[in-house]
Amino acid sequence: MTSSRSALSLPAVGGWPFLVTALIGRLPAATVQLGLLLYVSGAGLGLGLAGMTVAAAGLGSAIGAPAVGGLVDRFGPLPVVLGATVVQLIGMGSLLAVVLHDAPHALILVCAAVIGSANPQVGAIARARWSALARRRRLPGLVSRALGYETACDEVGFILGPVIAGVLLGLFGPNPALLLLMGWVVLGQGCFIVYLLRRRGLTVDTHTMDVTDGIAPRIRWTLVLPPMLACLCVGTVFGSTQTALTAINTARGTEGYTGVIYGCMGVGSALASVLVSRLPQRLPLSLRVAVGALLVSTTSLLLLSIPGPLVLGVLFALAGLGVGSMLVSAYTRGEHAAPSHRIASVMTTLTTCLVLGVSFGSALGGVLSEVPQRGFLLTLGAGLTGLVAAVAMHVTRPREVARRVV
């Protein structure tokens, strides 16, 4: 029993250096997005342009993520993370120059798109690494636990990133804060790069592939599309609740509560990620997504009544439990559907859907939230669509097939 638990221990399998550097390495990406919003608005260029800047960064990330995943699958993570970090720093330096020289606003959007497209996708690389370790050591139970941990790490970034960005902009002002953000990118992503330099074997081995009759399988997109839809729904929940909550607190004059209440969703999601990953494997992933989507839908209905701050915090935490369950289950299905030599590609594709969902939820939610409670109608729609994703996951659930590893 003890040896079995040890075999599934994340520090024992992955090692503390990997756990720590992969966590630190993803924090800059969570900081930069809000940092761009605060920088552009703080530079006196208007909240409208600031919002467009964040949207451009999100679009760049959505376009760049699949390319980053494909490059990682082909060349390994070290050159890709290093190259992406350099490009990201060039984009941030260019943004500073554009603002200082009062260049056309279109160049700001171009710089933001470059910054977003150069996101090194540390979280997706870490998930691919866990999958490779589980397959290599024949520990299928490790995958769910590791993906739950990774989702919890994402939520830590989701909570800490905006705080770091806000503190830097508040203490130092726009231009110095952007320089400090560049230093934060070097420090955070640099930690992961140093780990990769010391452990050059950290890669998805393209020479160790699942084969059937001597043919390396392709990505089974019929199995990947349902978790893609689930990730899109989760992103929409994040984006729509953020805009709706901002509108509510602005109308009430309680803007200071926004970050705290929104953080409750991150706490709930992180907790769910850890708990769901420890559920018995006999509970289908589709059922876990369905329960999470139902919880999101139910809390959305209650949010339409616009309760007080305390109840809002509780409801956001419950919604976080729902999205956490959906997210870790979607990533687990994606891992199951991915051939060993295309894991990073699938993980970055799911991350892209999450980013697109956030952008969609923020954009449409901003329009609906002109009447504050209407913003949660989009959240309700995302929850109901999550139920559709759960049904699709059940219908397309993979069957066990015999495999051999070469």
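Heads up, residue numbers simply count up from 1 along the chain you see.
Cβ coordinates come from backbone N, Cα and C, glycine included.
Quantities reported herein were computed from a predicted structural model and do not represent experimental measurements.
Positions annotated as domain 'Major facilitator superfamily (MFS) profile' by TrEMBL: 219-406.
Look at TrEMBL and you will find 45-68 (among others) tagged as transmembrane segment.
Under 8 Å from some Cβ of the transmembrane segment (80-100) lie the Cβ atoms of residues 25, 32, 36, 39-40, 43, 45, 68, 71-72, 107-108, 111-112, 114-115, 117-122, 125, 174-175, 178-179, 181-182, 185-186, 189-190, 192-193, 196, all in the same chain and six or more residues away from its ends. According to TrEMBL, the feature transmembrane segment maps to 80-100 (among others).
Residues annotated as transmembrane segment in TrEMBL: 106-126 (among others). When Cβ-Cβ distances below 8 Å are used as the criterion, the transmembrane segment (106-126) is approached by residues 18, 22, 25-26, 29, 32, 36, 40, 45, 49, 52-54, 56-65, 67-69, 72, 77, 80-81, 84-85, 87-88, 90-92, 94-95, 98-99, 150, 153-154, 189, 192, 344, 347-348, 350-351 of the same chain, each at least six residues removed from its ends.
Residues or ranges marked as transmembrane segment by TrEMBL: 147-172 (among others). Residues 10, 22-23, 26-27, 29-35, 38-39, 42, 123, 126-127, 130, 180-181, 184, 259, 263, 266-267, 269-271, 273-278, 324, 327-328, 331-332, 335 of the same chain, all 6+ positions outside the transmembrane segment (147-172), place their C-beta atoms under 8 angstroms from a C-beta of that stretch.
Look at TrEMBL and you will find 178-198 (among others) tagged as transmembrane segment.
TrEMBL lists 219-239 (among others) with the feature transmembrane segment.
For the transmembrane segment (259-276), same-chain residues at least 6 beyond its ends with a Cβ under 8 Å from one of its own Cβ atoms are 148-152, 155-156, 158-159, 162-163, 166, 238, 241-242, 245, 249, 288, 292, 309, 312-314, 316-325, 327-329. Feature annotation from TrEMBL assigns transmembrane segment to 259-276 (among others).
For the transmembrane segment (285-304), the residues of the chain that approach it from at least six positions outside its boundaries are 230, 233, 237, 241, 244, 272, 276, 279, 312, 315-316, 318-319, 321-326, 329-330, 332-333, 373, 376-377, 379-380, 382-387, 389-391, 393-394, 397, judged by C-beta separation under 8 angstroms. As annotated by TrEMBL, transmembrane segment applies to 285-304 (among others).
The transmembrane segment feature in TrEMBL is assigned to 310-331 (among others).
Distant neighbours of the transmembrane segment (343-364): 54-55, 58-59, 61-62, 65-66, 68-70, 72-73, 77, 121, 123-125, 127-128, 131-132, 204, 219, 224, 227-229, 231-243, 327, 330-331, 334-335, 337, 378-379, 382; these residues of the same chain sit at least 6 beyond its ends, with a Cβ under 8 Å from one of its Cβ atoms. The annotation transmembrane segment is assigned in TrEMBL to 343-364 (among others).
Sequence annotations record features per position, and here TrEMBL assigns transmembrane segment to 376-395 (among others).
Under 8 Å from some Cβ of the transmembrane segment (376-395) lie the Cβ atoms of residues 225-227, 229-230, 232-234, 236-237, 240-241, 244, 284-287, 289-290, 292-298, 300-301, 303-304, 319, 322, 326, 330, 333, 357, 361, 364-365, 368, all in the same chain and six or more residues away from its ends.
Beyond the transmembrane segment (45-68), the same-chain residues lying 6 or more positions past its ends with a Cβ under 8 Å from any Cβ of the stretch are 32-34, 36-39, 80, 84, 99, 105, 108-110, 112-121, 124, 345, 348-349, 351-352, 355-356, 358-359, 362-363, 366.
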